[in-house]
Amino acid sequence: MKEFYISIETVGNNIVERYIDENGKERTREVEYLPTMFRHCKEESKYKDIYGKNCAPQKFPSMKDARDWMKRMEDIGLEALGMNDFKLAYISDTYGSEIVYDRKFVRVANCDIEVTGDKFPDPMKAEYEIDAITHYDSIDDRFYVFDLLNSMYGSVSKWDAKLAAKLDCEGGDEVPQEILDRVIYMPFDNERDMLMEYINLWEQKRPAIFTGWNIEGFDVPYIMNRVKMILGERSMKRFSPIGRVKSKLIQNMYGSKEIYSIDGVSILDYLDLYKKFAFTNLPSFSLESVAQHETKKGKLPYDGPINKLRETNHQRYISYNIIDVESVQAIDKIRGFIDLVLSMSYYAKMPFSGVMSPIKTWDAIIFNSLKGEHKVIPQQGSHVKQSFPGAFVFEPKPIARRYIMSFDLTSLYPSIIRQVNISPETIRGQFKVHPIHEYIAGTAPKPSDEYSCSPNGWMYDKHQEGIIPKEIAKVFFQRKDWKKKMFAEEMNAEAIKKIIMKGAGSCSTKPEVERYVKFSDDFLNELSNYTESVLNSLIEECEKAATLANTNQLNRKILINSLYGALGNIHFRYYDLRNATAITIFGQVGIQWIARKINEYLNKVCGTNDEDFIAAGDTDSVYVCVDKVIEKVGLDRFKEQNDLVEFMNQFGKKKMEPMIDVAYRELCDYMNNREHLMHMDREAISCPPLGSKGVGGFWKAKKRYALNVYDMEDKRFAEPHLKIMGMETQQSSTPKAVQEALEESIRRILQEGEESVQEYYKNFEKEYRQLDYKVIAEVKTANDIAKYDDKGWPGFKCPFHIRGVLTYRRAVSGLGVAPILDGNKVMVLPLREGNPFGDKCIAWPSGTELPKEIRSDVLSWIDHSTLFQKSFVKPLAGMCESAGMDYEEKASLDFLFG
């Protein structure tokens, strides 16, 4: 095994590195780092900048000397080239071309603390005792539980692991035994001893990564401030292997908060990781909501406010603390974000926390790539922020579309960068620009026979591959590999579902399965011998593997797309507005070019004139309505649903895709590009079930549509998949029950027709008043509470949900419940006139129960009619109008005319 780093810090002129040695042991070394920078020179040199100019290395005796030299160069107007982030330079110098790491040696700690107080504990003040800490260690695979038995709020008895294992009805907490077997429980009589022992644990088992849910915003600052208050600043600094713990106040739209860094340890808040890498929009990002969504298990339930739980049920309090930590572990097992951070960090050769910034990530990737070629990176420049054009989105008609095929360009912006060869050093000048519609129509003159061009007017070298295209290609192929793995697992899951539908067998021994490989026909035939239980467990394994692969491919997609964004970001070393504009304008022309070509082709096939077959389209895809094609061949030729879907599939593969490829090759030749990389493949096949009254698909507006998809990228579904975009079902503000009801309504619109929708509407209207209040409440984000707070009452132009927040504050005053802060998600219910709360609505923290002291009053005054009309009827009416149907049966006068 080779050495690999787990932490890099600068201390004066030295680098302090924590690393894993060849025997898997953690070591620390302090190195006097001698950086090398570069300047332009006239003499011939093996070192060149990205433009081919000669560069001379400048080796410095210390990092301070290097920084002083850079400042002097700036003062006289000369460029100081090379990597000025000496942590990145050190990693590159020390570890060379590729870092091979072993995840099992990287110590990851996952922590959650509990604090009991009269009011919600402020981490900046840390005025209440920490009375419980659960700290999970990945190398030990143990939960270290620190329990304060005697506090200012009274004494409690020890937590009992045997009782924790029992069922709730037996007075237990239903904590799984496999978790309890890994708990090391440590009770303490006073907080001072508990905190000292916790610091000792840190020093003995110091994490490389410290994570947990919202630890950056709460747990870390509370622990640091509390330790500083009780044990002193020297004790607080013991958390850092180099004795350096720093804090800073940051201002955001919600006010100020204190953020701590523990040098030598990477603090990665799992809430931040989830928000950045999950691409999942939820009504609440509380741990309970996310855990329920990801693992189908919530937090442990308890009665009353959390600040009373320790004294009323200390046993549940500690079990609750343990399960909170386990919930984060369970989410990571599914999502794999810690592994993602490690793989991206070691690929880029940068500290773990850098992956949160795509600009830092790409700076490191490009630096290391160029270094291997003796190329020197440019100095970070200073630029004025300017806007540039975005993508083109087609304006769809708000109507139903029965037969739809979508076609999608593979990684559009990265492909444009590679096709045109867009990079700072490949720019070769300008050509005379014609109006964009002339390039779309192909009537403008060919810009150049020598250089690769973009319709924004800039020309690029065709022969030497640019640094930006070269690096983006590497990550592109990584993403392609992960997407292939994801696709294999998804196809396997669908294949097993079809086996279950045909009837399972009797074998109950689970077979060995090779991950990320598509099952062979022989293996699928063999699977028909297994029981439904075994097959369902295999489906679950396939879906988990697909989720992990999806995380990896999605985040590589975001990384390669972020390079386009970085090119237009003034803080990026390779910022160039000409390049950012070249990408977007080429994209605008490219998508409208193919829309023109598709219309020309289908008008010819169908024998029509000027028919617009493009139902919709956006940055990198078009949705083609093939109703006329189906009309031409005749719907009666299809005996089964799969016959129709397969016809559309073959038409897409054998007719449309080749035509599209030829069209994009024409564009490549027209722009004289380096290579043809605009590859557009068939994505979705959407249609109603054969013989049904469903509409198949409909659009409401740009990027707002619903499709009944039978095949997605050659993955044939056992049951049609609803592809819903931009509708209220996707919005986190829509109540959970209404989301589900709207989704079912959409399914009926697409698959069954008007009568079915009307029947469902009548039934749901009756059920609505009986639903739990939490699933019908709207979800909003509470911002600018203080702005609209007029002595506890709503001020001028106060938003509806902020009125609810103020109502809640008045109602719970003195109850000791957690306050609603700016930025918190809240659930909102309208109230009927005459209610005891004195306003139109009430709002409380999302994902929680209303306090029992006010719950019954709120429930008896809910304005169900207003809420039903606003949250369900209004969006449903818009959908039905677009689909050409009514959600309610309308009275008719037809009977008068016989």
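Just so you know, glycine gets a Cβ as well, placed from its N, Cα and C.
Pulled from Swiss-Prot:
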BINDING   Asp112, Glu114, Asp324  Mg(2+) 1 binding site
BINDING   Asp219, Asp324  Mg(2+) 2 binding site
BINDING   Asp408, Leu409, Asp620  Mg(2+) 4 binding site
BINDING   Asp408, Asp620  Mg(2+) 3 binding site
BINDING   Ser411, Leu412, Tyr413, Arg479, Lys557  substrate binding site
REGION    101-337  region '3'-5'exonuclease'
REGION    245-261  region 'Beta hairpin'
REGION    702-705  region 'Binding of DNA in B-conformation'
REGION    893-898  region 'Interaction with the polymerase clamp'
SITE      Asp618  site 'Optimization of metal coordination by the polymerase active site'
SITE      Lys703  site 'Optimization of metal coordination by the polymerase active site'
SITE      Asp711  site 'Essential for viral replication'
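Shown in sequence order, Ser415, Gly590, Ile591, Asp620, Ser621, Met678, His679, Met680 are the residues of the chain, 6+ apart in sequence, with a C-beta less than 8 angstroms from the C-beta of Leu409 (Mg(2+) 4 binding site). Of all the recorded positions in the record (Glu114, Asp219, Arg479, Lys557, Asp618), the one with the smallest CA separation from Asp408 (Mg(2+) 4 binding site) is Asp618. It is Asp324 that, of the binding-site residues Asp324, Asp620, has its Cβ surrounded by the most other Cβ atoms within 10 Å. Across the region 'Binding of DNA in B-conformation' (702-705), DSSP helix (H, G, I), strand (E, B) and coil residues number 0 helix, 2 strand, 2 coil. Distances between the Cα of Ser411 (substrate binding site) and those of the recorded positions Asp112, Glu114, Asp219, Asp324, Asp711 are shortest for Asp711. In the three-state DSSP classification, Ser411 (substrate binding site) falls within coil.
For Arg479 (substrate binding site), the spatially nearest entry among the recorded positions Asp219, Asp324, Lys703, Asp711 is Asp711, judged by CA separation. Model confidence over the region 'Interaction with the polymerase clamp' (893-898) stands at 52, taken as the mean pLDDT rounded to a whole number. Looking only at Cα atoms, Glu114 (Mg(2+) 1 binding site) sits nearest to Lys557 among the recorded positions Leu412, Lys557, Asp711. Across the structure, Asp219 (Mg(2+) 2 binding site) and Asp112 (Mg(2+) 1 binding site) are spaced 7 Å apart at their Cα atoms. Same-chain residues with CB within 8 A of the center of the Asp408, Leu409, Asp620 CB atoms, the Mg(2+) 4 site residues themselves not counted, are Phe407, Thr410, Leu412, Ile591, Thr619, Ser621, Met680.
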